[in-house]
């Protein structure tokens, strides 16, 4: 097997030297202090993982990872930075679709474990037939159970609206394009998903509420296909990092809701679900926990709650094939 190929981008040469030391054995490492050069490198070479700093001259890490997402979608993207800028954190997931957010200063063993996992994710997504895609095979729904898409079908979107403010407005703004169903509380979502699995959820919640954050983490562990668009009143850096790393929030939106932008995010979610159906190995990118056999990776940020205990998938990974069959068969209504 080829050595894992890594691209590190940071405007501080000393950081790149330190990263080369950490990954000096067993990796094909390329480093650059120039984000524009990194873009050119992504055009020329296939990398398993790109790790980028956020604050760089001329181009931010979020902007670079957005380029990486477009130029090399199979490359797993990690943002590594010493700054807890809420806007940058939100941009990292909304624009760059980062796999994980890691902070400086790093622990060598933790960062190495994170990058190793990112390599596994990239290769399983790129080559699901390579023998390491057991989960992908388990998730592939039996063909006879999956309803064929019908032109004009609308995707069902679950709206979690504790304050009864989001759902009525959503019906006015986006109901023409999506079929909306409502839940008043996060704890109702588990029962709803058992009855009628959906693939997209818009969730209004308090980012400062630890219970809400834990519910979102547990939901993602139980239903890794579920793409959550989080609607928040405030953006706390520590909580956001935790939600990216532990709950794999698909997109963040801050109140008051920009409905045109939310509509675009919903369109992206629908496209992502279609890609997921074509290549179930993409589910590895949605993992809220370390992959089997890989140690816990990113430590919670200061002030953030510890992640909840893993919620085992009922019946193991293969039970998800049933969820996928239901989701792709019944998540659209005529």
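A Cβ is built for glycine as well, from the same backbone N, Cα and C atoms used for every other residue.
Annotated domain 'Response regulatory' per TrEMBL: 5-119, in sequence order. Residues annotated as 4-aspartylphosphate in TrEMBL: 53.
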Legend entry - DSSP-derived helix, strand and coil totals, residue by residue, for the domain 'Response regulatory' (5-119): 52 helix, 24 strand, 39 coil
Legend entry - Cβ-Cβ neighbours of residue 53 (4-aspartylphosphate) (radius 10 Å): 23
